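Per TrEMBL, the feature S-adenosyl-L-methionine binding site maps to Thr117, Asp171, Asp199, Ala200.
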Amino acid sequence: MATHRCCALWSYCGRRWSRVMRCCRLSGLCSSWPSGPLGARHLSQEKPATETHFGFETVSEEEKRGKVYHVFESVAKKYDVMNDMMSLGIHRIWKDLLLCKMRPFPGTQLLDVAGGTGDIAFRFLNYVQAQHKGKQKRQLRAQQNLSWEEIAKKYQNEEDPLGGSRVVVCDINKEMLKIGKQKARAQGYKAGLAWVLGDAEELPFDDDKFDVYTIAFGIRNVTHIDQALQEAHRVLKPGGRFLCLEFSQVNNPLISRLYDLYSFQVIPVLGEVIAGDWKSYQYLVESIRQFPSQEEFREMIEDAGFEKVTYESLTSGIVAIHSGFKL
Ligand SMILES: COc1cc(O)cc(C/C=C(\C)CC/C=C(\C)CC/C=C(\C)CC/C=C(\C)CC/C=C(\C)CC/C=C(\C)CC/C=C(\C)CC/C=C(\C)CC/C=C(\C)CCC=C(C)C)c1O
Ligand SMILES: C[S@@+](CC[C@H](N)C(=O)[O-])C[C@H]1O[C@@H](n2cnc3c(N)ncnc32)[C@H](O)[C@@H]1O
């Protein structure tokens, strides 16, 4: 964890410096300023590449971006089947629980960042549609004197079965979005769903736009987690909710030993056999170990400006759902 903190600090300093430099350059202040925190080099020289981690490897931030892109480009076609195989379907329960926590209502505007092949978005659409139908039924039951024609008419006139809810899936990877769109077409999802290519660190949306922001198994892959959290805060409406489903820290030592064995001995093998890609699944298990603990991540969410930040560990802490509000 010390490595994680060190990388985060170094990456933070680097970005702060490049922001100062960008402002100065824009205001014409800095033509004679040195170009790095140590102040010894001339502007024409390159800024040192800020280091971060890609699994257990230390790489430059640019390299990490490219490598993460390559991982998901490579696994996209086998992504869904791999998740079912690796977790024996348990990832579906975790995603359902995320929706239960969200409890969206007809009208909710959701942004699902790093939404990949659409698992969260499809669950959201099912949920709000069922909610809306239930509400409609209750309203009709309350109106005791309607004839069957009037009831049929009310059902047929219903233009928006989602009651105004919308979900935007935003992901940086074209291949993941392509598979998501194919799945949506095959499963008949169309209304209330949009696909946007975009970076969690620089979201292509206005301020105060969404009621809920979700990110499931995505934030671990982002280079500057603090920047992604700030963006989440920016695009949420006041009162809006941040929800993150991510791998976390297992607290039971016995389960932790078994989980480690399973992760390092089985998952890359499954990756090779099913997706023909050992390396991407080695990255998956390594990146899980690099991600901050439940408490550390809670603090990071608070640092981004969220309030009432809580978390719930699931399956002995293999994953956790963090929640926070923009108040
Ligand atoms: C590239 O990046 C990615 C790519 C992706 O495709 C996906 C993601 C994002 C990830 C997800 C959406 C979810 C992916 C799911 C996981 C990574 C797995 C999570 C793990 C579990 C739910 C199970 C946790 C396992 C344990 C607590 C330990 C139990 C382990 C055992 C009983 C096996 C111990 C292993 C050995 C002794 C090694 C030798 C064993 C063999 C060769 C036999 C092989 C055994 C199996 C295949 C059994 C599999 C067993 C389970 C899945 C256990 C399930 C049971 C329970 C938790 C009760 C992404 O970022
Ligand atoms: C493990 S998948 C999760 C997909 C989906 N949320 C799910 O739960 O199945 C991680 C996703 O994060 C996306 N991703 C990685 N870095 C990103 C970034 N900076 N901005 C947006 N998406 C990113 C990847 O392209 C990939 O689709």
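The backbone N, Cα and C atoms fix where each Cβ goes, glycine too.
All features noted in TrEMBL, drawn onto the structure.
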residue: Thr117; record: S-adenosyl-L-methionine binding site; Cβ contacts under 8 Å, 6 or more apart: Ala76, Tyr79, Asp80, Met176, Ile179, Gly180, Lys183
residue: Asp171; record: S-adenosyl-L-methionine binding site; Cβ contacts under 8 Å, 6 or more apart: Val113, Ala114, Gly115, Gly116, Leu177, Gly180, Trp195, Val196, Leu197, Gly198, Gly218
residue: Asp199; record: S-adenosyl-L-methionine binding site; Cβ contacts under 8 Å, 6 or more apart: Ile172
residue: Ala200; record: S-adenosyl-L-methionine binding site; Cβ contacts under 8 Å, 6 or more apart: Val113, Ala114, Cys170, Ile172, Ile215, Gly218, Ile219, Val222, Ala228, Glu231, Ala232
Measuring Cα to Cα across Thr117, Asp171, Asp199, Ala200, which the record gives as the S-adenosyl-L-methionine binders, how far apart are the two most distant ones in Å?
16
Using DSSP and three states only, what is Asp171 (S-adenosyl-L-methionine binding site)?
strand
Work out the three-state DSSP category of Thr117 (S-adenosyl-L-methionine binding site).
coil
Is Asp199 (S-adenosyl-L-methionine binding site) helix, strand or coil when read with DSSP?
strand
